[in-house]
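One structure is given below, encoded as structure tokens.
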Amino acid sequence: MALEAGDMEEGQLSDSDSDMTVVPSDRPLQMAKVLGGGSAACAPVSHYRTVKHVDSSEESLDSDDDCSLWKRKRQKCHNTPPKPEPFPFGPSGQKTALNGGKKVNNIWGAVLQEQNQDAVATELGILGMEGSIDRSRQSETYNYLLAKKLAKKESQEYTKELDKDLDEYMHGDKKPGSKEDENGQGHLKRKRPVRDRLGNRVEMNYKGRYEITEEDAPEKVADEIAFRLQEPKKDLIARVVRILGNKKAIELLMETAEVEQNGGLFIMNGSRRRTPGGVFLNLLKNTPSISEEQIKDIFYVENQKEYENKKAARKRRTQLLGKKMKQAIKSLNFQEDDDTSRETFASDTNEALASLDEAQEGPGETKLDAEEAIEVDHPQDLDIF
């Protein structure tokens with residue numbers, strides 16, 4: 001037997017009918033136990049390498065044990081716990097955290113989000129808006145509805161402030177008791193309209209009360225012309241009719257009506273339109289057929305009044321200049337050794353004061369030449385002395 005076994009090749013079975021029991025190796029079973037206890041997701045161990053020639057009764061018992069072992073291991077494989085999902089990265093992970101999944105350990109992001117939500121809730125409470133804000137884009141979220149509401153509110157407040165300031169300027173509201181307003185130094189930031197400064201514009205009465213002709217009395221013609229022109233200076237219109245005649249005065253009235261219907265005339269600086277009486281007098285001065293002598297006779301009283309007003313203003317300026325000069329002389333201190341300069345200045349000052357006193361005394365003052373006449377229009381001109 002030993003020889004036959006030695007003559008046989010490796011892996012070859014003998015032809016003998018003797019029962020031969022092959023004992024299986026213990027290594028596969030031990031490995032199966034180790035793997036089965038260490039990992040729940042393991043494959044069942046197959047015994048295809050073990051050959052066992054036993055009796056039928058023993059074989060049936062072994063098969064029952066193998067089936068029960070197979071079922072137990074299969075049940076263990078089906079009851080394995082679910083695999084843990086990998087840690088999410090990027091925006092998808094943030095979405096799962098927001099949707100109730102695993103929380104992301106982002107402390108500062110949560111703090112910033114809470115602050116933004118508090119600020120938005122405050123704005124919504126102030127503005128009375130309703131609705132939820134879509135924060136799916138988080139820091140890139142832009143609430144355009146809220147921005148539009150804020151811009152509209154800001155523009156309305158700015159418009160109200162402008163309207164309020166404009167109303168104050170238009171009505172000329174001033175604080176009572178202010179020193180600047182009492183002294184006449186206070187001024188409005190915005191110039192008042194012409195109607196507030198000059199009243200409603202005087203409109204010409206084109207129809208009049210009755211018709212006038214060349215044969216009518218000069219007083220009647222002058223009164224009707226003054227009424228149609230709405231001119232308060234009736235004496236001036238009467239002198240125009242008396243010097244130029246009824247015909248020329250009526251022609252000027254017709255030209256004035258035509259100019260007024262076409263829009264009127266501006267004054268010299270263009271700040272406002274002339275009144276109908278101003279248009280009438282302007283046409284009178286610019287008519288070639290009317291001589292300068294006639295114009296002087298018509299405006300003699302007005303020119304005389306204007307001259308008197310200028311004369312009174314000049315006298316007031318001269319008196320103010322004399323007071324300033326006296327105050328300046330009292331404040332000066334001359335050196336004792338400089339007798340010449342003191343005497344010269346005193347003599348010149350006395351002459352100047354004497355001339356001022358003469359100018360203040362009577363109306364019969366002599367007219368100075370153009371070279372000798374010095375007119376002081378402002379108190380700052382004292383610096384030249």
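Just so you know, the numbers here start at 1 and follow the chain as drawn.
Note that Cβ sites are derived from N, Cα and C of the backbone, with glycine treated the same way.
As recorded in Swiss-Prot:
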COMPBIAS  1-18  compositional bias 'Acidic residues'
COMPBIAS  164-184  compositional bias 'Basic and acidic residues'
COMPBIAS  364-385  compositional bias 'Basic and acidic residues'
MOD_RES   ALA2  N-acetylalanine
MOD_RES   SER14  phosphoserine
MOD_RES   SER16  phosphoserine
MOD_RES   SER56  phosphoserine
MOD_RES   SER57  phosphoserine
MOD_RES   SER60  phosphoserine
MOD_RES   SER63  phosphoserine
MOD_RES   THR287  phosphothreonine
MOD_RES   SER347  phosphoserine
REGION    2-320  region 'Necessary for interaction with CBP80'
REGION    219-319  region 'Sufficient for poly U RNA-binding'
MOTIF     120-129  motif 'Nuclear export signal'
Cβ-Cβ neighbours of the residue listed as 'phosphothreonine' (radius 10 Å): 16
The region 'Sufficient for poly U RNA-binding' (219-319) - residue tally per DSSP class, helix then strand then coil: 75 helix, 2 strand, 24 coil
Confidence summary (mean pLDDT) of the motif 'Nuclear export signal' (120-129): 61
